Amino acid sequence: MTVLAKPPIAPASPHNGAAPAGDFVTRLLAEQRDLTAVERFARVHEADSPPAQAKYYRDLIPLTTPGAGEQYAFEVDLDACTGCKACVSACHSMNGLEPTETWRAVGLLQGTDDQFPILQHVTTACHHCLEPACLAGCPTNAYEKDPITGVVSHLDDQCFGCQYCTMACPYEVPQYSKTKGIVRKCDMCHGRLAAGEAPACVQACPSQAIRIRITPRELTKAEASGRGLLPGAPDSEFTKPTTRYLGADRLPAGTAPADAAHASPQHAHWPLIIMLTLIQMGVGAFAVLSPLRWWAGGGEAFVALAALTAMGATGVALAASTLHLGRPTYAFRAVLGWRHSWLSREAIAFGAFAGPASAVTAYALLPYLPFQPPLEPPQALRVPLEAFTPIAGAVGVYCSIRIYQFTRRVFWIGLGTASRFWLTSAVLGPALVLACWSLTQNAGAVSHGLAAWIILAATTKLLFEASILRPSAETHPSQRLTGQLMTGPLAAVTGARFAAGVLGGVVLPLAGLAAGGAVAAAISCTSLGLLVVGELAERTLFFGAVIPLRMPGGIKP
C-alpha cells in the first residue's frame, strides 16, 4: 500500500507578507478532510479490494483469550523460516537458561528424491498437546495444563528430578537441569501473553515465521489422526500436539529429517540399570524360594541364606533408585501421581513387595538370632506372606514394563521390554536360589532342575536379544539404528553381555550338572556373578541403544 506524503504548510514569512486569513482557514479545513492511513486502510477493506497479502497485516498474537473448546497454539510458516535460530537465542536469553539448555530448536528436512530437491528448516518447541505425555507420566504431578489457555506448564517446586518426562515426551521437549536437579520446559511465555506481549521466540523472529494462534481443540483431535506434524515426526495421535506448520502439506514425497539415519548412544541411567536388574532378581528369587520351602524340604540354612540375599538385592535396588533423582529428599512424592503415572504405581507396588519380603526374611532368620525376641511372630502368617510377596513383586515388574512401553519408543514397546524384564526375573532369581542351595544342600533333583531352567531361560533371552542384530526387510528403521549402535559405539557392552550370558547361563550350568560338593557351589556362585554382569550389560543396552522419538533434527557429524 502506497501512502503519498503531502507538503507541510508554509509558515508566514516577512518577505511574503502575512498569509491571507481565508487561505489559512481553507488549508486547515482541507487537512481535516484528509483521511489518515488507518481510515484509508479501513475503506479499502470495506470496498473488498485489498491485495492478497493479508498475512502482512495479521497480528503475531491473538487479541483475545481462547474461548470454550479452544486454546493457544504455535503456528509456524515453513516458507518464512530461514533457520537463523534467532528464536532459539531469544528463548535462551529471556528464560535465563543454562549454557547447554534449550527450549526451542531448529531442525532440517531434506528431499530424498532427485526430482524434488529440498532443504526446509523447521523450528520447534513444546507443542502444548491436548493429551501431554509429560503430564500423564509425571509421578509427582509437576505438570499442569491451563484449562483456559491450554498452556502446559512445569511446576518446578513440585518436581523431584526423576527425568521420566524426558523419556515420555515424544518430542524431547523437557530438559533436565543438573545444577537445579529438576526438569524445565517451554511455557509459551504465558506471563508475556497475559500482558499482551508476544513470546520471546515470536518477537525475535525476523521473518515473522512464528505466531500464536487460537485453535479449536476438536480440530486438533481431527487433524491428529494417523499422521505426524512433519515428515519423520512421531504420530500425533499419541499426544495430539497443537502446533500447526503452514506449508507442511506441500513438502514433496520422500522428505525426511536430516538426522533420520543418525543414531548416538543415549544416557545410560546407571541407578535405573542397577535398580531394575537387582529388584527383578529379588522378585524371581522369592518366587522360587517359597515353593522350595513348602514342597522340596529346603533346610533352614538354605531358606535363611536365600531370603537374606534376595532381600539384600532388593534393598540395594531401592536405594539405587533414589540416586536417579535430582532431588532425592523428595522421593516420598513418587506416589502422588498414582491415578495416571505408571512410575507412581511401580513405587507403590515395589513398596508392597519390600514390606512382606522383609517379613519373610525375618521369619527365615528367627532361628539364627542370638536372643529370643520378646514377641514371636505368629507362624500362621508366614505362608500367606510368602505367597503374597512374589505376587506383589510381579505387579511391580509389570508396572516397570508399562513405564517404558508408555513412551512408544520402538525398542521398548511390546515384547521389547516385557520379554527382557520377565526373563531377567526368570534367569537371575533361580540362579540366586541355586547358588544358595549349592552352598547349603547336596546336589540332587532340585539343583539339577534349577540348572536346567536357567539354561532354558537364558538361552531364550539371548536368542531374543540377538534377533535385533540380524534385521529383516520388515524391520523398523528405528530397530536398524538400534542394531547399528549395538555393533558400533556399544559393541564392547554387547560383547560383554553375550559372553557373560553364554558362560553364566549355559556353559557353567551345564558343567554344574555333572559336579557336586564344593565344585558345584563354586560353579553356581560364579554362574550367578556372570549372569548379574550380563544382565547389567543388557540393561545398559536397553537404555543406551534405544532410539527416542523426536522432531526433525539437524545435520549430525
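Here, residue 1 is simply the first one shown, and the rest follow in order.
Each Cβ is built from the backbone N, Cα and C atoms, and glycine gets one as well.
Quick look at what TrEMBL annotates:
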{"type": "DOMAIN", "residues": "72-102", "note": "domain '4Fe-4S ferredoxin-type'"}
{"type": "DOMAIN", "residues": "150-179", "note": "domain '4Fe-4S ferredoxin-type'"}
{"type": "TRANSMEM", "residues": "272-296", "note": "transmembrane segment"}
{"type": "TRANSMEM", "residues": "302-326", "note": "transmembrane segment"}
{"type": "TRANSMEM", "residues": "347-369", "note": "transmembrane segment"}
{"type": "TRANSMEM", "residues": "381-401", "note": "transmembrane segment"}
{"type": "TRANSMEM", "residues": "421-440", "note": "transmembrane segment"}
{"type": "TRANSMEM", "residues": "446-464", "note": "transmembrane segment"}
{"type": "TRANSMEM", "residues": "485-507", "note": "transmembrane segment"}
{"type": "TRANSMEM", "residues": "513-533", "note": "transmembrane segment"}
So how many of the residues in the domain '4Fe-4S ferredoxin-type' (72-102) end up helix, strand or coil by DSSP?
9 helix, 6 strand, 16 coil
Overall pLDDT of the domain '4Fe-4S ferredoxin-type' (72-102), taken as the mean:
95
With CB pairs under 8 Å as the measure, which of the listed stretches 272-296, 347-369, 513-533 comes out on top against the transmembrane segment (381-401)?
347-369
Per the 3+ Cβ pairs under 8 Å rule, pairs at least 6 apart in sequence, do the transmembrane segment (513-533) and the transmembrane segment (446-464) touch?
yes
Tertiary contacts of the transmembrane segment (347-369) (same chain, 6+ residues out, Cβ under 8 Å):
139, 279, 282-283, 286, 290, 300, 303-304, 306-308, 310-311, 314-315, 318, 334-335, 338, 376-377, 381-382, 385-386, 388-389, 392-393, 395-396, 398-399
Would you kindly list the residues that approach the transmembrane segment (446-464) from elsewhere in its chain, counting only those six or more residues past its ends and only Cβ-Cβ distances under 8 Å?
288, 292, 296, 298, 415, 419-420, 423-424, 426-427, 430-431, 433-434, 437-438, 498, 501-502, 504-506, 509-510, 512-513, 520, 524, 527, 531
